[in-house]
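Inspection log for the structure reproduced underneath, given as structure tokens.
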């Protein structure tokens, strides 16, 4: 047995035909850690699963959570395309659906391998051979029916950068793009796959694959393969695993308003959008800090909101330093300036009962004096 920890002892699944499937089997065969396990149940009904204590969670097809492990158990099913888009399917889940039929509906051969409780591998579509040859290949032409598979394959290519895409699979992806299937993708799923890709070993390959099949110009027209942002992402990949930092790096050569438009289109979290816009808008100013006088430095701190949002500003300077690929004293210097500005004593201003514009001008004067003392 490979990863069936405690499998046979569970009363909830005794006498059921249960198989481990998908990424868990694939990663185990590749010697990678298994992060989550998905199971397929053959020959059972929804009523039988609930009677055993499983909690139904699937809206479109029968998926259940194990009462103890909370892992997902799905009844074996087939699917049929009835409309455009990733939701344009009807599903058939019944006791007469075989394991092989269930595996056939999966996207890639390396994800269509099942494992029995005894550790026997069931591989009707050549997944093990493709793992050996490092090939990403579709199970059947039904691959082209689900546009999400284009994103998933592009993301998987970032996780396994030494795997090639089978020519026939790439042709199917191109057909999907030409047929307009990509247009049916929802913003949330596009962002989900992009964010996951940014955290993988070679994130630039996500865009390379999308470009190869023609989807890049449709989904991300702002991003150019030959752009400085792509080159910057490539250069920082081995320096930070953070999807947040990598996202900001990728868009560092774009105008802030373009970044805002992209972020709005795909409902990118504010944390990501804010940092990317900050880097694009003020990155060049940060590089030239040594040339600034006290007035310019204070304006820089206020515009970047460095005095109030220290964590975001730290992410900003970290990103800028990665992009510039230089080791400098800039971070230390700017942090000393921030500390000095924050340490300005405002009690004398309060004692004078200064308010409004008078208070603001007096505070600015004290801050400028604090900065001048440090840089002079």
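For all residues, glycine too, the Cβ spot is worked out from N, Cα and C.
Same-chain residues at least 6 positions away in sequence with a Cβ under 8 Å from that of residue 23 (CTP binding site) are, in sequence order, 36, 38, 111. According to Swiss-Prot, the feature CTP binding site maps to 23, 26, 106, 152, 155, an assignment based on sequence analysis.
The feature ATP binding site is assigned by Swiss-Prot to 23, 26, 106, 152, 155, with sequence analysis given as support.
DSSP gives residue 36 (Mg(2+) binding site) a coil state; it is part of no helix or strand. Its own atom aside, the Cβ of residue 36 (Mg(2+) binding site) has 10 Cβ atoms within 10 angstroms in the protein chains shown. Residues or ranges marked as Mg(2+) binding site in Swiss-Prot (evidence: sequence analysis): 36, 38.
Taking the mean position of the Cβ atoms of 23, 26, 106, 152, 155 as the ATP site, the remaining residues of that chain whose Cβ falls within 8 Å of it are 22, 107, 108, 110, 111, 156. Around the Cβ of residue 152 (CTP binding site), the same chain contributes 107, 193, each under 8 angstroms and 6 or more positions distant in sequence.
For residue 26 (CTP binding site), other Cβ atoms within 10 Å of its Cβ number 23.
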